[in-house]
């Protein structure tokens, strides 16, 4: 009961970061497609698509496999809520709020494993009220990255308990955390998994040279292998099928990572705004980390240095803060222009797009060291409550004003679910997963309206039209002819005419099939490709294996 009350306190303290979500209406953000994605996810779930890959209404109404490439986990939450009857707007707000509250809870539980309760509460609140957290919610609308905040503490919690404390079964916590990062935000998943692979290789070589046991390497490798195998359903097809989209054309034409480094002064203070990132030290949005955050973290880091100097030969006890210290420094370094030489050797650096994405990991680190500072200064003494309260109160008082959108506008839930809003307004914002040669409509009138246009006397009867199956009956064709199907082509589609499988001609991203004279039945199926099938099988087998082994009393 005591633990539940502590968690409840942490959740209540999140209120000032969530107030705008309780107001009627909505607010603008850079990636203002969130409600549309939730609605399309909900519709796909209602139609029984598991796992959801294809959406029907986005992509100007021509549909595309958005969740084959874009981190789907937060949208499963929002989509499920919409599927059971909650409006898309309300489901989106709940999805955002859950990401914030979960980040506070997971950070608190992680920190409370090694620090006092008040040190843990301090770290959790520093984590929630970090300016970059507000940037993700109310400026960028980066919902996938927002949910990374919720899963990152689980990664380090699992590492702490399984690698450092030797609790073998706890590896599953770290694996679940890494799985959540990968399935929530593709780019953060790539960064985290790559960094973890480098760390594993380094520790392996270190242990070999020092002739030490390889158990830490095994546990880290186990965390990574389980997370990657459980998420194979997502990352394997995303990796192998991205070439069928226009993503790389979009990235190479519009984003150069070297234009988006952060100036050191911006980390201390920069004007809060709702614009975009640009080259130089004056951006339209702020990358400040927060003065209280930086001062508290610096004090905590100095406390660690003092502790290490006093500990002498007992350094293993402080292995986790040492590792988190390195993560914080390296992630901070990679946001700065002095790291440009390293970036030139980073695979797919343009895919990462913005060096300042590493601020997610920096925020985690400075929040941890703020908690370390309270623990170092006060331990479990009663004064810890006073110090923690002062830091928490000051942080919320100063930073709560950042957790406010540019403005609130009135728009009904039904408006967000309209054909115009999803197939035109939201589709214009994010269309990079359409085929590379797809011709974008220039107006709403040019977006999809009929699966097969009624032309030259054709009569088209639409029997079924959902994300993965279309059935049409076409009549009044005087002679055999070619018809265009208004559904963007991707691998996995199969086309049948009058019960016979046919090979379509793909023109500008849309399929064309030949029909006979008079009456024809056209069926379109969206099926698994080999990468999707392999990914699904590996993930399913991983889930079965986890349930089996974790259900046993011990892990061999």
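Including glycine, each Cβ sits where the backbone N, Cα and C put it.
Confidence over the domain 'Membrane protein 6-pyruvoyl-tetrahydropterin synthase-related' (67-400), given as mean pLDDT on the 0 to 100 scale, stands at 92. Per TrEMBL, domain 'Membrane protein 6-pyruvoyl-tetrahydropterin synthase-related' is recorded for 67-400.
Taken from TrEMBL, the feature transmembrane segment covers 94-111 (among others).
Annotated transmembrane segment per TrEMBL: 142-160 (among others), in sequence order. Sequence-distant neighbours of the transmembrane segment (142-160) (same chain, 6+ residues past either end, Cβ-Cβ under 8 Å): 30-31, 34, 70-71, 73-75, 95-96, 99-100, 102-103, 106-107, 109-111, 113-114, 127, 133, 136, 170-181, 184-186, 188, 192, 219-220, 223, 320, 323-324, 357, 360-361, 363-364.
Annotated transmembrane segment per TrEMBL: 172-205 (among others), in sequence order. Remote same-chain residues near the transmembrane segment (172-205) are listed as 69-74, 106, 142, 144-145, 147-148, 150-159, 161-162, 214, 216-217, 220-224, 226-228, 230-231, 234-235, 238, 327, 347-348, 351-353, 357-358, 360-361, 546, 550 (criterion: CB distance under 8 Å, separation of at least six residues from the stretch ends).
If you look at the transmembrane segment (217-236), the same-chain residues 6 or more away from its ends with a CB under 8 A from one of its CBs are 51, 71-72, 155, 158-159, 162-163, 168, 171-172, 174-179, 182-183, 186, 189, 193, 196-197, 199-200, 203-204, 207, 531-532, 534-536, 538-543, 546. Sequence annotations record features per position, and here TrEMBL assigns transmembrane segment to 217-236 (among others).
Taken from TrEMBL, the feature transmembrane segment covers 292-311 (among others). Tertiary proximity for the transmembrane segment (292-311) is limited to same-chain residues at least six positions away from its ends with a CB under 8 Å from its CB atoms, namely 122, 126, 130, 267-268, 317-318, 321-322, 325, 328, 363, 365-374, 376-377, 391, 394-395, 398-399.
Residues of the same chain lying 6 or more positions beyond the ends of the transmembrane segment (318-346) and with a Cβ under 8 Å from any Cβ of it are 114, 156, 159-160, 164, 195, 257-258, 261-264, 267, 287, 297, 301, 304, 307-308, 311, 352, 355-356, 358-362, 364-366, 368-369, 372. The feature transmembrane segment is assigned by TrEMBL to 318-346 (among others).
TrEMBL lists 358-378 (among others) with the feature transmembrane segment. Under 8 Å from some Cβ of the transmembrane segment (358-378) lie the Cβ atoms of residues 107, 111, 115-116, 118-120, 122-124, 126-127, 130, 132-133, 145, 148-149, 152-153, 156, 188, 191, 262, 287, 289, 293-294, 296-301, 303-304, 306-307, 321, 324-325, 327-329, 331-332, 334-335, 384, 387-388, 391, all in the same chain and six or more residues away from its ends.
Look at TrEMBL and you will find 385-404 (among others) tagged as transmembrane segment.
Marked as transmembrane segment by TrEMBL: 533-551 (among others). Remote same-chain partners of the transmembrane segment (533-551), defined as residues 6 or more beyond its termini with a Cβ less than 8 Å from a stretch Cβ, comprise 51, 169, 172, 175, 226, 229-237.
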